[in-house]
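Taken straight from TrEMBL:
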TRANSMEM  55-76  transmembrane segment
TRANSMEM  83-101  transmembrane segment
TRANSMEM  107-126  transmembrane segment
TRANSMEM  147-168  transmembrane segment
TRANSMEM  180-203  transmembrane segment
TRANSMEM  240-260  transmembrane segment
TRANSMEM  272-295  transmembrane segment
TRANSMEM  302-322  transmembrane segment
TRANSMEM  328-351  transmembrane segment
TRANSMEM  363-385  transmembrane segment
TRANSMEM  391-410  transmembrane segment
Amino acid sequence: MQPSEQPDKVNWAPFWKLVLVQSQNSFNEKGVQFILIPLGVWMAEKGIGGGDLQYILSALILIPFILFSPLAGWVSDRYCKTLVIRSMAALQILVLGGMALSLYLEHLTLALCWFSVFTIQATFFSPSKKGLVKDIVGTQKIGFASGILEITSLLALLIGQIGVFVWFRSILDETGDGWHAAAFPTFVFFLCTIPVALMTLTLPKYKPHQVASFSKKLLYSHFGQLGILWKHKTLRYSELGVGYFWFIGGTVLLMTIQMAQQASTNAKDFSGTGAVLMAWLSGGSVLGGILASVICNGRIKMWVATVGGIGMTLGCAGLALTTYDTPLFYALLFLTGFTASGFLVPLNARLQDSAEDSQRGDVIAAGNLIDCLFGLIAVGFQLLMAQLIGVHEQFIVMALLSALVTVVIIKTKNQ
């Protein structure tokens, strides 16, 4: 087991292995989430339940992070991060196998239970994954490496979201059976997870930091971990921006699902329309994040966050004034995702780099907690907006909020 210290020369092979592991984890989690959404639409169409599962699934993803983030951060600091990642990879195999069987048996509730276990797995996987990055690449390359990790995760999410929508529609066209259209892709995910889980055995192990032993207080130590962020100005303002990224991302994603539902008459049309909207939004996010990572390679550049904040404000404002299903609308959706990722990358890198090594897991877990609180608020916020105002008016609200957050980041970027 290697000591956790700054490497003189970066060995990039373990980093790219970690990128592959976390990308598949993100892909599978988002893939099974977005295979259940059109299944719910199909079930509602057949009069056998289902309905607006996107709100339930979004909440199920976030609640474990809120409940278990302190424990996950402690585990990341207390134990070897590589061993935690290996354990979570093994758990993912079990979860996907159980979920595929549940869908084959046409048992939605059981499938949702397995999905809940998957979200718990992701909660413990996240701080260990992020914490291992700095052990591998060191401070000098953390901006580039952090950006690549985030963007490949977004790329995996993009492929998961769009790919399963298209795949679900293709199988539904052939069989007319929504259960089969959901079960078969999930089974394929299960098979593909096995070799990647075996690859985690080749990741290097680093000595964990010395942290306090487990105590019951750890289970409700949220405020203590949040205090680390609150007392440190750089951490506080960085996390504000990162949290807002997940807020606007969750809100706009649910808005695109709402648009797809309003523009569709059945489950097949919904899957196709949703795939197109998410392709423009998520495609912009991936490319914007890649560009921001390249710019921040070697040094974190906060002006990138400023430009990103202004861009996503203008993008939301433009979407509010543009007719849906036009080239300009798709271009503005792309711009919003592109600039939002540019906003995220330097803030996320600064958050990780500014944390003390012995507290990095706690800081990341506290950040995850705030991100999830913002995300959970986004679910309720968009559901409320959907009941009160139209999609174009919702974009006006998001433009105003983005402008406010951008002003705060501009005023505090040098602190």
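Cβ from N, Cα, C; glycine included.
Tertiary neighbourhood of the transmembrane segment (240-260): same-chain residues 37, 54-55, 58, 270, 273-274, 277-278, 281, 285, 305, 309, 312, 316, 324, 333, 336, 340-341, 343-344, 347-348, 351, 367, 370-375, 377-379, 381-383, 386, 391, 394-395, 398, 401-402, 405, 408-409, selected by CB-CB distance under 8 Å and a gap of 6+ residues from either end. Stretch with the largest number of CB pairs closer than 8 A to the transmembrane segment (147-168), among 55-76, 272-295, 302-322, 363-385: 272-295. With Cβ pairs under 8 Å as the measure, the transmembrane segment (363-385) is packed most heavily against 55-76, out of 55-76, 272-295, 302-322.
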